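Engineer: Annotations for this protein, taken from Swiss-Prot, read as follows:
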DOMAIN    18-274  domain 'Pterin-binding'
BINDING   N25  Mg(2+) binding site
BINDING   T66, D99, N119, D190, K227, R262, V263, H264  (7,8-dihydropterin-6-yl)methyl diphosphate binding site
Amino acid sequence: MVGCVWQAGRFEIGLDKPKIMGIVNLTPDSLSDGGAYSQNAQTALAHAERLLKEGADILDIGGESTRPGADYVSPEEEWARVESVLAEVAGWGVPVSLDTRHTVVMEKALALGGIDIINDVAALTDEGALELLACQADTGICLMHMQGLPKNMQINPKYQDVVGEVARYLKARAAECIAAGIAPQRITLDPGFCFGKTLQHNITLMRHLPELMAETGYPLLIGVSRKSMIGELTGETDAAARGHGSVAAALAAVARGAKIVRVHDVKATADALKAWEALGINL
């Protein structure tokens, strides 16, 4: 596997121990927090600061909801949502990730400075995205697998071999990045839980994360926090109340080799990981 350091802009993030990526949603239609942080920048910044105090290693800031059935958001609207928050946190001296699939938004953020990671649910397939990132010397990249688009991805997703198909797609996208001149240590991969997958597909992927990591050869970033699979597993219909199940799923991912977990409930996840380590469980 590619080494235990993720080159992410201004930072070399050690992956010898699992890292926590804290979520800052700036979307008014977020299922997980009801758009609580989309009303004004100060509310969002206070939330981001709290996540860091609770143990987040990375802040992941996004302005487009990619939940199942979500409507398309123009790059202009997305940028209007994230610009002021990105401009502020870029000066905090912590790793900052931008969750976007739009080249225009990536370009504006990178020109702003202080953005260390592009976290892309579309794996740099938007026109010009791959070329833009290839021109950056150090920006970290997370490539995610998604079958379909957010609007339709949960309408009857099908696979012959979900682990193999996800692995082959991600491996191919990473290879295209390498061919474009992107250094392998800049790349992490996300299998895309709940992005064009049924509950059984998600369970199968979780159980086979070691094989997925071995097949692709890259560190895995896992995002299952408050998602529909947690609701289906626990019976909890309120996304905001899925924290306990989300922590359990994050631990399951780490136990199977995940290097970064993207979460809403940072303190609970950080405490759980600390307890595991103190109890001698190999993370």
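Quick reminder: no glycine exception, Cβ is built from N, Cα and C everywhere.
Where in this structure would I find these features, and how exposed are they?
Structural biologist: Annotation note: N25 (Mg(2+) binding site) sits in a strand segment as assigned by DSSP.
Counted within 10 Å of its Cβ, the other Cβ atoms near H264 ((7,8-dihydropterin-6-yl)methyl diphosphate binding site) come to 22, all protein chains included.
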Engineer: Can you tell me which of the binding-site residues D190, K227, R262, H264 is spatially closest to N25 (Mg(2+) binding site)? Compare CA atoms only.
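Structural biologist: Comparing Cα positions, the candidate nearest N25 (Mg(2+) binding site) turns out to be H264.
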Engineer: Where does the mean pLDDT land for the domain 'Pterin-binding' (18-274)?
Structural biologist: 93
Engineer: Could you list the residues of the same chain, at least six apart in sequence, whose Cβ is under 8 A from the Cβ of N119 ((7,8-dihydropterin-6-yl)methyl diphosphate binding site)?
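Structural biologist: Residues satisfying the criterion: D60, G62, S97, L98, D99, T100, C142, M144, D190, L221, R262.
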Engineer: If you count, for each of the binding-site residues D99, D190, the other Cβ atoms lying within 10 Å of its Cβ, which residue has the minimum?
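Structural biologist: Ranked by other Cβ atoms within 10 Å, the binding-site residues D99, D190 bottom out at D190.
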